[in-house]
Amino acid sequence: MRSPAKTMPSMSPSSVSTEKSPPPSDTSMAIVAFDNSTTHFSSSPSPPHSLDHSSESEKEDAKSKPESRRNKNPGKVEETPSPIVVVHNHNRSVKEVVPTRKSARVGSGRSSGQRSGAVSAILRRSRREEVVKFSALGFRLSEVVLALISFSIMAADKTKGWSGDSFDRYKEYRFCLSVNVVAFVYSSFQACDLAYHLVKEKHLISHHLRPLFEFIIDQVLAYLLMSASTAAVTRVDDWVSNWGKDEFTEMASASIAMSFLAFLAFAFSSLISGYNLFNQGSL
């Protein structure tokens, strides 16, 4: 006997598809995962727009790196003494220009200081030379006056009468008179030369040996005046000790005193002559 066939319940196609098909959310996720894996391991070359985008991003990164490096230590730029320093390829040239300018300024200050020092030294030297010139002229005039008074008094030292006497009888008095006459002539010429030099800025007789000649003559006349005055004083003392004081001895003593003062004037003139000898350009 045949058993009756069992009839299966009929199902609509829509119901079958809904029961057996996976949920749509899972299917979308699987597709997304598959797509990502395929794109990740794909050996096909990337599209050109992606390369351009990557190269542009690399350029931007390369530009941003030095800027970030500069901004890491901003204090270093501020610590530099020169405000002109900029981080470029010509940074060395800028750094080299700044110290040269500073050194030029410092050098100009030193040069100006040296110029002012030289000017002040020249002014001091000119003033010293003027003082020396006027001092020399003053001593020369003193020599003229003192030598003139000395030999004038000695030449007039004469007495009349049976006990009369005269200076020309004693060699000491004659020696003193002669030395004072020579001193008067020499000092008169030197006084005229100094006065002419102060007015015209030149000497009556210009010679390279003139300072040496003046120094030697001043020294010689100073020693001669000293020796003549000493010899005349000895004769006066001998006369007074034997005969006592009178008009003759008093006039001789006055002449000797003027001669001694003339010696002092020549001594100072010899010092000035020595200064002029070792400073040829002063007078």
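Glycine is treated like the rest: Cβ placed from N, Cα and C.
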From the topology recorded by Swiss-Prot, do Ile205 and Phe278 fall on the same side of the membrane?
yes
Average the pLDDT scores across the topological domain 'Cytoplasmic' (273-283) and report the rounded value.
75
Distant-in-sequence neighbours of the transmembrane segment (136-156), which means Cβ under 8 A and at least six residues beyond its ends:
167, 173, 176-177, 180-181, 183-184, 187-188, 190-191, 194-195, 198, 251-252, 254-256, 258-259, 261-262, 265-266, 268-269, 272, 283
What is the number of residues in the topological domain 'Cytoplasmic' (196-212) that are helix, strand and coil, as DSSP sees it?
8 helix, 0 strand, 9 coil
